[in-house]
Amino acid sequence: MMSGRLLALLQTHAVRRSLQHICSARLSSLRGQNENITTAFCQPGSCFNKSDDHRQRAWPPFLAGHSRGRRFFSLTPAGIVNAAPESVQPYLRLMRLDKPIGTWLLYLPCTWSIGLAADPGCLPDLRMLALFGVGALLMRGAGCTINDMWDKDFDKKVSRTATRPIASGEITSFQALVFLGGQLSLALGVLLCLNYYSIALGAASLSLVVTYPLMKRITYWPQFVLGLTFNWGALLGWSAVKGSCDWSVCLPLYVSGVMWTLIYDTIYAHQDKDDDLKVGVKSTALRFQENTKLWLSGFTGAMLSGLVLAGANADQTLPYYCAVCAVAIQLAHQIYTVDINRPEDCWEKFASNRNLGLLLFLGIVTGNLWKKRNDHQYETQLNSISN
């Protein structure tokens, strides 16, 4: 009897309208919550925009390349890695394929050098840009593999690095060594596409690649050694195009790149300074401490001086110097506004250097196109080649 009366009550028009109103309100609430979550992940400074290991795990499934056990393709670096077979993913993360900023910072000095070496009025050699892009990806991956092999015991003690494949046990040291051999073999294949001078010059950088991870145990200046390593392409790019280095251009460009690395990697190191103190490793962030901005200002002055000298010796034109001025403004903004005690801000300033490097490359290309080719000199070169 009671159930029959309840059924009759639920069938009345007023109750049906009340239920519809309640359901509609609840659905709207849930939809708003989902939109807020999506917006939060897409905001600058959110987990979606960070590359640290513990932040990567916070990506929502539809952005990370998988959804409740179903993987689908995503064009984000992390999405590409997550869409790969599970057995391959640890190796892709070992070479930091999901964090491409390091590859960019290795590749950009190569592009500067290749751009400066181009003939007046011409675009850079696209084949060389492609070769060096592949080489940067492989060598950055090899460098990360070597770093993680050296630092596996340190990485286990730091929350940001504890999930790295070797530290977490996903990949053994022997497997990492075999993988390293494969990366270096492929990188050698790229190097062998260059001239003999460049092959010898490129091979000379391997000692820096192997020893850099040890420097944080020895000196407070590991960022300087990283700069020597990461900017080798400033020498190699020119020699790959021209057959040898013009030291009046290559050397100041190389020094500028080293100063640039000291700037961005010191900012990056401030993210980890507390953990570095705990595990006993060194960095320029610990060396400079509260004087960091003063040191970075000095590095900026040296970098800009080197860029002006390299441009003058390469007969660069107005667009190049406009780009150098824009680089100076961007660096001044980085240094003035960075909060060295806030890791999120240090990461944002560090990552912005990719755009800085691209801006300088654009200035080099535009400045080179601005030049007028000396047709008589060009004909003389062609005649000498043909003879």
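Keep in mind that glycine also has a Cβ here, set from the backbone N, Cα and C atoms.
As the structure is a computational prediction, the values presented were derived from the model and not from experiment.
Residues annotated as transmembrane segment in TrEMBL: 101-118 (among others).
Residues or ranges marked as transmembrane segment in TrEMBL: 130-150 (among others). Long-range Cβ contacts of the transmembrane segment (130-150) within its own chain (Cβ-Cβ under 8 Å, at least 6 residues beyond either end) map to 94-97, 102-103, 106-107, 110-111, 114, 164-167, 173, 176-177, 179-180, 183-184, 186-187, 190-191, 193-194, 209-210, 212-214, 229, 233, 236-237, 240.
According to TrEMBL, the transmembrane segment annotation covers 171-190 (among others). Outside the transmembrane segment (171-190) by six or more residues, the chain places 90-91, 94-95, 131, 134-135, 138-139, 141-142, 145-146, 148-149, 152, 165 with a CB less than 8 A from a CB of the stretch.
Within the chain carrying the transmembrane segment (221-241), a Cβ under 8 angstroms from the stretch's Cβ atoms is held by residues 105-107, 109-114, 116-118, 125, 128, 131-132, 136, 143, 194-195, 197-198, 201-202, 205, 208-209, 211-212, 215, 249-250, 253-254, 256-262, 265-266, 269, 282-284, 287, all 6 or more beyond its ends. Sequence annotations record features per position, and here TrEMBL assigns transmembrane segment to 221-241 (among others).
Look at TrEMBL and you will find 253-271 (among others) tagged as transmembrane segment.
Here TrEMBL flags 292-312 (among others) as transmembrane segment.
The transmembrane segment feature in TrEMBL is assigned to 318-338 (among others). Nonlocal intrachain contacts for the transmembrane segment (318-338), taken as residues 6+ away from its ends with a CB within less than 8 angstroms of a stretch CB, comprise 263, 267, 293, 296-297, 300, 303-304, 307-308, 311, 345-346, 349, 352-353, 355-356, 359-360, 362-364, 366-368, 370.
According to TrEMBL, the feature transmembrane segment maps to 350-370 (among others).
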Using a Cβ cut-off of under 8 Å, list the residues of the same chain at least 6 residues beyond the transmembrane segment (101-118) that approach it.
51, 124-125, 128-129, 132-133, 135-137, 139-140, 144, 230-238, 240-242, 249-250, 253-254, 257, 261, 264, 310-311, 314, 316, 350-351, 353-354, 357-358, 360-361, 364-365, 368
